[in-house]
């Protein structure tokens, strides 16, 4: 037994290394998410058609596809983004949001998942399909069952009317998808994207889905149509409705591209940018934050030789601070400090002896109009000028 199990380990490791490759993971993610979406969606259509409007309804179809999309996003949203739609994948590649080399991988995965879902639905409802039409597999008419798997043009519309309808509906889908996932606009809350996208699909169905069946997805329509061709419905699945089959393939691609351009060109590019905050080094290792929304009239300072310039505070605008050292003040005695968070200061005067620090004005709630500092002749060299503390927007020193 040990001899048999040893050769298997390298094989399992090789399989794991293959599955961990980015392209393989994205292929499987798109395949599984599309499979989940289509199983729920096609199953809801089968209930409506085979249940004779008693076990299912048109609203049930919209809910089935809508919440099927939600489950699909939860399955693969963190791996491939869960496009589940060749038109969405094409638009993201055409607009530079993902590389073209991923396009065939995504589309092949979507087609495989959709085809497998059609086969699964057929096996689940095989006896009901056989009983509904008396063993006949019909494409058109009141007993047709091909419409469980793909969309067909109604009698009241022409092919080009259906084409324009699919273009418009898919454009609305792509425009809203970009809005839901745009972090710079008003995106869905984190963790609710899947639910919101599912609601979007449901809303499109209940409001715009009557005319052409809102395929809005080549991966949703073409693979199941191929399955019905193979399973016994025959060539009529492509010929019905004046060769309608190509419209759900081409029109969604055109519509998604238009919807993406409209959103990016009219909405995304006009979103205002966040104001930038600039930090510059100041004397003493402090930082001055420049903010364009807090204007100041002027800060004037005439320092003595080798004396640092005063620093202004954006939250303490004072009318005037005047400092004139006095010979009557005792040496090494601290100067008066004026501080009032709610009362504006009109003037602070201090007369101090040499080598004594100048007064400091601080008021976090009173804006500053002007700071003037002119040291007198009695002030010793290398004495710091008055410093209003804090950070502010500076127009001029």
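Cβ atoms are placed via backbone N, Cα and C, with glycine included.
The shown structure was predicted, so the numbers you read here are calculated from the model rather than taken from an experiment.
According to TrEMBL:
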| type | residues | note |
| --- | --- | --- |
| COMPBIAS | 320-332 | compositional bias 'Polar residues' |
| COMPBIAS | 370-382 | compositional bias 'Polar residues' |
| REGION | 297-397 | region 'Disordered' |
| TRANSMEM | 32-51 | transmembrane segment |
| TRANSMEM | 63-83 | transmembrane segment |
| TRANSMEM | 103-125 | transmembrane segment |
| TRANSMEM | 159-180 | transmembrane segment |
| TRANSMEM | 192-216 | transmembrane segment |
| TRANSMEM | 244-267 | transmembrane segment |
Long-range Cβ neighbours of the transmembrane segment (192-216) (under 8 Å; 6 or more residues past either end): 59, 61-63, 65-71, 73-74, 77, 82, 85, 87, 150-154, 157, 161-162, 165-166, 168-170, 172-173, 176-177, 180-181, 247-248, 252, 255
Any contact, the transmembrane segment (103-125) to the transmembrane segment (32-51), with at least 3 Cβ pairs under 8 A: yes
Dominant neighbour of the transmembrane segment (159-180) in 32-51, 63-83, 244-267, by Cβ pairs under 8 Å: 244-267
Cβ contacts under 8 Å made by the transmembrane segment (63-83) with residues that lie 6+ beyond its boundaries: 25-26, 29-30, 32-34, 36-41, 43-45, 89, 92, 106, 109-110, 193-195, 197-202, 205
